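Novice: Pasting a structure below so you can have a look.
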């Protein structure tokens, strides 16, 4: 590519807007009006007029807090959690005389938990702060007003500054391109940081500025004004005018260089700062993704509210009883106070028998504080710690690392780990997600002749379906075996056209035009390796790159592009030698989703004007001239065959353009592109529509987007897990169906329910152009087809058959199916089918379908995609998984979890998802179990003491229970436990349904753990009380008091809750042993150390262990007996459950324990305990065969009964 500046060249108007004197008849009404009020004084950032505008500076802050706001704002964030707020209230109440314990013992645990969360917030925010400092201190050359550019920090830039950005530097703000190192003011930009796309974009300045501003010194006298739109988040549009040298020139997105994009393949550019800081488009787009919370977390909130209700109910009951007892105290004893030790004569206390109602009210507040231990204060912070550690395991899983691209899995948020184990429906994009998005040119049709002998994966799959033998596939592999190195983007084999043999074909002239079109009709950028001389290409899409590579392999090598021309080498038909040709590039009629085609207008070396065009078959065939349809019939046949083979097709055509016609077109085209009106795009489309007509057909291309490695096996395994899989794609129905067969999403035995609008009646209405009639007929047709499909499902269900159905619907039909009146019908039909494929669906439709499934089923949905068109779907789903593939990183940046290949979804869900769900479920249940155990002992002791608000335990015993003596084991459970190993998660994928049906966190299981806690507390309290009631506790004749009873009960609680944890764990690691037995040991260590402190601090715990508990045999015997008795119910329940109604994971654990894990009969027996039959994938095919033959059915039933 030419690097020097070229002067006095005739500049074309290819990509941008030709600088010209203003036509004041144009509509400039937007500029200066609402939404278009920005005025930029170029080269005068400090002028009074500019200062009055008061635009924001270029300093960017992404931090959540400032130094001044951190403490108040982070405290507010912490106390928004209802549990934290509750503990704050109880902490404040502890400062009053109502408190049953010392204030410091109440406030210290809360302070610890809040401080831990705030430290986490501070660390995360400091990371953002460091990024801000690094970015704001970057340097760029800024014009000082005297023709000299000096390096300044990004943070100091102002609107109106002129900057010089050099190769491989980032743009510091949104800049208006004035000129570049190229004479015609083009530059190449990489927008990876904006939209994730790695291909280069072409930008071009106005001719007026590029011809006047060449060197640094040219900017000394620059005076210009930009009037444009106000700051907004739209990355793809920009409207404004430049007032320069008495001209008013229209501006578009082509002249705008966006902050954080990078200058590539261009030595330097000059630009004027238009938007700064938080006004730039990239920052305007930096909104937080939608906040997502897992179902378990939302249910946990409900449990917290339930516990609040229990606490207040207990406090209310205790207060009523206390009030009655206080009033009856004197009545029963003839006016004498029986409980004299409560000192009712003391005005500072609240137990006056003469004021019993007030005593009850005061007691209520005391009880609320005393029973606060029912609420697990460390639950939230423990779960956050566990989820972060779980995310680290996901991120560092070597089995989800894609070495080829150096891409590991990345959990971008840890909030949804357990949700990965509850997915009911997967909604997947196709291109780049199920397929590689690495296009290979494999076949083509030229002049009605089909070329290319390659066999696609879909054709191989179709052959296997038809013949039912893997030998067919083996034979096909031999056919496509090729010698020589693999060429990226090219997998074509046909000796008739390779190595220059195309010149010997009957239609060599047509073949030459076809290959020339591939070499010229594109926007690819060539890059030549100076060492080897080989040419590689930067293209806007993998398809386009494949076309250019194919042209090169056919002997038409595109090797250079300038703003005005395209250069390529080809084999000359006349001389038989390779020659270089240069076509002058006049216009590029760019592709968009509405046009479904792109064209270029070029002038060849003979001076002829040519329109070269490629596009979708449905828009290209209708634009053919009468004399251009010579090969149409054969080409249509070949296109249909290619679609059946799962290939992506484009039609190639051309025509010669009359000189006068082009002059008129160029005039109208330039006026349309230079207009500053809201309908600019429609004007351009209207003009190009007139040019892209009367085309002469050359042929069609067929490129294969191969399935990613492991996709069929992954889909098969997910289907065995009972997960439904929907595919939402923009491809044609035929292509999507055949890809569905190739990846086993569809199978031969399935009945296909196809909904489309290809009926003769609707086609006739379309030809007549009756819009209202078309809409009415289309809506009616879609509804009728849905009702017919539902009737098929109902009939199959009533017949108790094993038929599986697949729903396939196109984008037009989907528009009507998603209407409010019919979407429930559509959802009922779709959820009754084993597979759903939505074809020709738009990004908006993908998001709407995802929303419908999520809200309509109430189950967890996962969306997976790789492109910008999948962002809405990813954000709408409960979990968004981004594929870090070829289409850039925009999907990844909008996702919750990123993986490199679809096949990693199997391990992410079946292993990590199941483990995280199982761990978090057990962890939360255990948290409430241990707190109920501890809290009920406090309640029982208070009831035993006539609700006198006397705590059963020392203040510090109360405070440290949740923090030091019981939290670490439960955190270890949440991080390390495995109910079954990864191997068995794969072997028995139906285990995953435990999460889908939420069996491990059902209300039945939660309530069961709560009752277990209540029983444990009852056993501990009454056994300890009765064991110590009438005994002499030491040689001096002293009986057990509160400190001894409390110490014994506390010891039993610590032992029992930790032993219960040990019994609940399925997979022990050395770390779990350390934290469980270490927590118990730490209790004894703490008791000795705390008891050795002065009595003024340790109060009744002073030497209680050394002098009272440890020497007494009854203490140790009671502890041992209570532990045994309190854990018996759990043993009994587990034994009965394992014997009579085992969970799925328990069945797997048992056959592994019995040594039957490798016995095919036992393995198949467990699989037969399906919660949901497998209806897609290879396994479904085998299962269908088994059902038809009835093999092993009776034997499996016998085996299960015996088991």
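Every residue, even glycine, has its Cβ placed from backbone N, Cα and C.
Below, the features straight out of Swiss-Prot:
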- 429: active site, 4-aspartylphosphate intermediate (ACT_SITE)
- 866, 870: Mg(2+) binding site (BINDING)
- 1-71: topological domain 'Cytoplasmic' (TOPO_DOM)
- 94-97: topological domain 'Extracellular' (TOPO_DOM)
- 121-303: topological domain 'Cytoplasmic' (TOPO_DOM)
- 326-363: topological domain 'Extracellular' (TOPO_DOM)
- 382-921: topological domain 'Cytoplasmic' (TOPO_DOM)
- 942-955: topological domain 'Extracellular' (TOPO_DOM)
- 976-1005: topological domain 'Cytoplasmic' (TOPO_DOM)
- 1029-1041: topological domain 'Extracellular' (TOPO_DOM)
- 1065-1070: topological domain 'Cytoplasmic' (TOPO_DOM)
- 1092-1108: topological domain 'Extracellular' (TOPO_DOM)
- 1134-1203: topological domain 'Cytoplasmic' (TOPO_DOM)
- 72-93: transmembrane segment (TRANSMEM)
- 98-120: transmembrane segment (TRANSMEM)
- 304-325: transmembrane segment (TRANSMEM)
- 364-381: transmembrane segment (TRANSMEM)
- 922-941: transmembrane segment (TRANSMEM)
- 956-975: transmembrane segment (TRANSMEM)
- 1006-1028: transmembrane segment (TRANSMEM)
- 1042-1064: transmembrane segment (TRANSMEM)
- 1071-1091: transmembrane segment (TRANSMEM)
- 1109-1133: transmembrane segment (TRANSMEM)
Novice: Are there at least 3 C-beta pairs under 8 angstroms linking the transmembrane segment (1006-1028) and the transmembrane segment (364-381), leaving out pairs fewer than 6 apart in sequence?
Specialist: no
Novice: Mind checking how the topological domain 'Extracellular' (94-97) divides into helix, strand and coil residues in DSSP?
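Specialist: Reading the DSSP string over the topological domain 'Extracellular' (94-97) gives 0 helix, 0 strand, 4 coil.
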Novice: Determine which recorded stretch among 98-120, 1006-1028, 1071-1091, 1109-1133 has the most C-beta pairs below 8 angstroms with the transmembrane segment (956-975).
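Specialist: Maximum Cβ contact count belongs to 1071-1091.
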Novice: Whole-number Å only: compute the distance from the Cα of residue 866 (Mg(2+) binding site) to the Cα of residue 429 (active site, 4-aspartylphosphate intermediate).
Specialist: 8
Novice: Please work out which recorded stretch in 72-93, 98-120, 1006-1028, 1042-1064, 1071-1091 has the most C-beta pairs separated by under 8 angstroms from the transmembrane segment (922-941)?
Specialist: 1006-1028
Novice: Between the Cα atoms of residue 429 (active site, 4-aspartylphosphate intermediate) and residue 870 (Mg(2+) binding site), find the distance and write it as a whole number of Å.
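Specialist: Residue 429 (active site, 4-aspartylphosphate intermediate) to residue 870 (Mg(2+) binding site), Cα-Cα distance: 7 Å.
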Novice: Cβ under 8 Å, sequence separation of at least 6 from the ends of the transmembrane segment (1042-1064): give me the contacting residues as numbers and ranges.
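Specialist: The answer is 922, 926, 929-930, 933-934, 937, 941, 950-954, 957, 961, 965-966, 969-970, 973, 1012, 1016, 1020-1021, 1024-1025, 1028, 1033, 1076-1077, 1079-1080, 1083, 1087, 1100-1101, 1104-1105, 1108-1109, 1115, 1118-1119, 1122-1123, 1126-1127, 1130-1131, 1134.
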Novice: I want to check the contact list for residue 870 (Mg(2+) binding site): same chain, sequence separation of six or more, C-beta distance under 8 angstroms. What comes out?
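Specialist: Set apart from residue 870 (Mg(2+) binding site) by at least 6 residues yet with Cβ under 8 Å, we have 429, 433, 843, 846, 863, 882, 891.
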Novice: Among all chains shown, work out which of the recorded positions 429, 866 has the most CB atoms within 10 A of its CB.
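Specialist: Result for the most crowded candidate: 866.
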Novice: Checking distant contacts: for the topological domain 'Cytoplasmic' (1065-1070), what same-chain residues at least six beyond its ends satisfy Cβ-Cβ under 8 A?
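Specialist: For the topological domain 'Cytoplasmic' (1065-1070), the list is 972-973, 976-981, 1149.
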Novice: For the topological domain 'Extracellular' (1092-1108), give me same-chain residues lying six or more residues beyond its boundaries with a C-beta closer than 8 angstroms to one of its C-beta atoms, as numbers and ranges.
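Specialist: Long-range Cβ neighbours of the topological domain 'Extracellular' (1092-1108): 954-957, 1033-1034, 1042-1044, 1047, 1084.
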Novice: Please list the DSSP helix, strand and coil residue counts for the topological domain 'Cytoplasmic' (976-1005).
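Specialist: Helix, strand, coil within the topological domain 'Cytoplasmic' (976-1005): 21 helix, 0 strand, 9 coil.
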Novice: Could you give the number of helix, strand and coil residues in the topological domain 'Extracellular' (942-955) as assigned by DSSP?
Specialist: 4 helix, 0 strand, 10 coil
Novice: Under an 8 Å Cβ to Cβ limit, what residues of the same chain, 6 or more beyond the ends of the topological domain 'Cytoplasmic' (976-1005), are close to it?
Specialist: 295-296, 299, 418, 421-424, 717-718, 720-723, 859-860, 906-907, 909-911, 913-915, 917-922, 924-925, 1065-1067, 1069, 1071-1072, 1143-1145, 1148-1149, 1152, 1157, 1163, 1166-1167, 1169-1172
Novice: Across the topological domain 'Cytoplasmic' (1065-1070), what are the DSSP residue counts per state (helix, strand, coil)?
Specialist: 1 helix, 0 strand, 5 coil
Novice: Over the span of the topological domain 'Extracellular' (1092-1108), count residues by DSSP class, listing helix, strand and coil in order.
Specialist: 12 helix, 0 strand, 5 coil
Novice: Is the topological domain 'Extracellular' (942-955) packed against any residues at least 6 beyond its ends, judged by a Cβ distance under 8 Å, and which are they?
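Specialist: Distant contacts of the topological domain 'Extracellular' (942-955): 100-102, 105, 318-319, 321-322, 325, 339, 342, 363, 366-367, 370, 1021, 1025, 1042-1043, 1045-1046, 1049-1050, 1098-1101.
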Novice: Under a three-state reduction of DSSP output, how is residue 870 (Mg(2+) binding site) classified: helix, strand, or coil?
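Specialist: Going by the DSSP assignment, residue 870 (Mg(2+) binding site) falls within a helical segment, counted as helix.
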